[in-house]
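Undergrad: Among the features that Swiss-Prot reports, domain 'PINc' is placed at 11-149. The Mg(2+) binding site annotation in Swiss-Prot covers ASP14, ASP116.
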Amino acid sequence: MRRLKMEENKIFFDSNILIYHLCGKVEAKKLIEKVENKEICGFINPIVISEVLFFYIRATTNKRHYDIKKHPEILKSLDLDIVFELFSIFQILDLNSEIVKISREIIKKYCLLPNDALICSTCKFYKINKICSFDDDFKRVDFLEIIEI
């Protein structure tokens, strides 16, 4: 097995990979293990964190967004340790004003929704050219290589 160069093993992880991992999907678990074992350097950003937390909160409470907003005390009883432990194995990349500017052109050029555009612009800003995702929308982005599972 050939060793990867540093730039080859830098991979951005989309929210759906982390969500599928939390749901027990084997393919996602294998990828997460590679990050844990430091075979690949995994990156996420605040968009991914927000999406994963929102999914996890809805899934564990079995409540809709509106119900949680109406009864925020529901959040007190949640155990979020498993989610934050998952986040801890990744390098968390900050968003900044330049990334926001880049996202504007990415929305237009690749016809992406804002969160996906912010993910792509994060990759572009930090010079990460690989993304791991189950989302086919990223296939439209010519500067990203989709890591197939």
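Backbone N, Cα and C define each Cβ position, glycine as well.
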Undergrad: Validating a neighbour-count step here. Other CB atoms within 10 A of the CB of ASP116 (Mg(2+) binding site): how many?
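TA: Neighbour count, Cβ to Cβ under the 10 Å cut-off: 24.
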Undergrad: Report the DSSP secondary-structure composition of the domain 'PINc' (11-149) as helix, strand and coil residue counts.
TA: 86 helix, 15 strand, 38 coil
